[in-house]
Amino acid sequence: MLVTEETLLGKSLDELTQWVEKQGQPTYRGKQLHQWLYEKGARSLDEISVFPKTWREKLINYPIGRSTIDYRTVAPDATRKYLLCLGDGLIIETVGIPTAKRLTVCVSSQVGCPMACDFCATGKGGYQRHLRAHEIVDQVLTVQEDFQRRVSHVVFMGMGEPLLNLEEVVKSVKILNQDIGIGQRSLTISTVGLPQKIIQLAHHHLQVTLAVSLHASNQPLRETLIPSAQHYTLKNLLADCREYVNITGRRISFEYVLLGGVNDLPEQAIELANLLKGFQSHVNLIPYNPIDEADYQRPNQTQIQTFVQVLEQHKIAVSVRYSRGLEANAACGQLRASQR
């Protein structure tokens, strides 16, 4: 389900030019509108001071497509979590993650998530609808505006399964790249894996990074953690991943949330290494971030390092990603569209 109200945000320069011409305005107004939407982050047409006042007054209620910040919190590590209110009143979460040289935005692609992964707060809260491309782009503009600095990287790792909303996600990638100026190689699309969808994404020939959430080294455990895995075996998922690499020439990142005593045993690391043998890939290990809705535990440092060492011994490229924003419930797996 999508909200279908026409908005200006999400339109290309050509589309905006056509729109202003239909309004009886000269062609160059399209370029001005594009600049105010994507460079200046205009929230209403009334802000666009280069437009004639009489035209601005006529269009004062025309929807641009910007959200409003319903709630904002800052973690001790400077990560900022936002609850954004969409045009229809639904709430999504977005996270801004700053470092000295980067500003990364973790964007949502759906309101909620239907995948119901057992360790993830978003999946526990149910699913309402897909986001439109402009609602994804708006998240980046909102964070950019709040930090008063340019966003350098975007990860589709917020609420939702991006490949279920593939058309709008791909459209948003093109807008972020062509209209806002973020390089495609600075964009990451995450997925738990869906039949046919990885290959469909590959045929768009984007230069983004694909991050595949494995979270288990064998099929029975993966089905326990990710219910949708019942319809997509590890064998078929990895076959599609290999085909993705062949089509795009891009290395895949495999995400693996470490759950203490569940999927972090040395023999499971060996099993994972055997799965990925000969793969053009990198493994990101993510120590579990606790949520109230699940009883899993974060492994200790010894368990984490042992898992890393086993993978390295088997020639698997691996790193540990400690999530930012943990204290603000803004870390990986904690997004639930609520203030807690």
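Heads up, the Cβ atoms here are built off N, Cα and C, so glycines get one too.
For E93 (active site, proton acceptor), the Cβ neighbour count at a 10 Å cut-off comes to 25, with all displayed protein chains included. What Swiss-Prot lists as active site, proton acceptor is E93.
Residues annotated as domain 'Radical SAM core' in Swiss-Prot: 99-327.
Classification of C106 (disulfide bond) by DSSP places it within a strand. Proximity of C106 (disulfide bond) to non-local residues of its own chain (separation of 6 or more, Cβ distance below 8 Å) is seen for T94, V95, G96, I97, V155, M157, G158, given in sequence order. Summarising the annotation, Swiss-Prot assigns disulfide bond to C106-C332 and lists sequence analysis as the type of evidence.
C120 ([4Fe-4S] cluster binding site) carries neither a helix nor a strand DSSP state and counts as coil. As annotated by Swiss-Prot, [4Fe-4S] cluster binding site applies to C113, C117, C120.
Feature annotation from Swiss-Prot assigns S-adenosyl-L-methionine binding site to G160, E161, S190, S213, L214, H215, N289; the stated evidence is sequence analysis. Counting only residues at least six positions away in the same chain, the Cβ atoms of R222, L234, F254, E255, Y256, L272, L275 sit under 8 Å from the Cβ of L214 (S-adenosyl-L-methionine binding site).
Here Swiss-Prot flags C332 as active site, S-methylcysteine intermediate, drawing on sequence analysis.
Annotation note: N289 (S-adenosyl-L-methionine binding site) sits in a coil segment as assigned by DSSP. For C113 ([4Fe-4S] cluster binding site), other Cβ atoms within 10 Å of its Cβ number 25. Counting only the Cα atoms, the space from H215 (S-adenosyl-L-methionine binding site) to E93 (active site, proton acceptor) is about 23 angstrom. Between the C-alpha atoms of N289 (S-adenosyl-L-methionine binding site) and C120 ([4Fe-4S] cluster binding site), the distance comes to 9 Å. Closest to E161 (S-adenosyl-L-methionine binding site) in space, going by CA atoms and restricting to the recorded positions E93, C113, C117, is C113. When the neighbouring Cβ atoms lying within 10 Å are counted for each of the binding-site residues (C117, C120), the highest count belongs to C120.
Residues within less than 8 Å, Cβ to Cβ, of S213 (S-adenosyl-L-methionine binding site) and separated from it by at least 6 positions along the same chain comprise C117, S190, T191, V192, G193, I226, F254, E255, Y256, V257.
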